[in-house]
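Visitor: Quick one: structure below, then a few questions.
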Amino acid sequence: MSTDKKQDESIAEKDWKVELSEQEYYVCREAGTERPFTGVLLDEQRDGLYVCKCCEAPLFPSDTKFDAGCGWPSFYKQLDDGNVDYREDVSHGMRRVEIFCKQCGSHLGHVFPDGPAPTGQRYCVNSLSMTFKGEDNVEVKG
């Protein structure tokens with residue numbers, strides 16, 4: 001096996017192309033964004049946990065989800081585990097903070113400083129980047 005990190009990463013990306021649908025790959029691995037109001041998890045209201053679609057790292061508890069009216073699932077707080085990583089995004093002539101899964105590097109969405117109390121944060125997350133695991137043991141993939 002190669003010890004060249006770049007080569008190992010490209011092999012991993014090949015694997016993601018097999019594991020994910022074309023749209024999931026675009027959102028999760030190429031930092032794309034799904035169209036607003038199209039995500040399966042936007043209207044999910046049950047109690048449970050939102051996890052990373054790619055590695056199942058726990059991301060957001062359902063009790064921090066709120067309707068921001070923006071067209072994507074929104075949360076005001078990540079789990080205390082800290083599986084969300086932050087990077088500056090200056091694409092499209094804007095300055096934003098992009099969020100990724102800290103465990104596998106999967107793109108999640110963006111965080112904005114216009115959310116509700118108690119944090120004032122709005123984690124705006126693509127449904128395609130998450131799986132919902134309900135307390136009723138029903139799983140919904142975004």
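Glycine is treated like the rest: Cβ placed from N, Cα and C.
Annotated domain 'MsrB' per Swiss-Prot: 13-135, in sequence order. Taken from Swiss-Prot, the feature Zn(2+) binding site covers Cys52, Cys55, Cys101, Cys104, and the record attributes it to sequence analysis. Annotated active site, nucleophile per Swiss-Prot: Cys124, in sequence order.
Quick one: where do these features end up spatially?
Guide: DSSP assigns Cys104 (Zn(2+) binding site) to coil in the three-state reduction, placing it in neither a helix nor a strand. If you draw a 10 Å sphere around the CB of Cys104 (Zn(2+) binding site), it holds 17 other CB atoms from the protein chains shown.
According to DSSP, Cys124 (active site, nucleophile) sits within a strand segment.
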Visitor: Using a 10 Å cut-off on Cβ-Cβ distances across all protein chains shown, tell me which of the binding-site residues (Cys52, Cys55) has the largest neighbour count.
Guide: Cys52
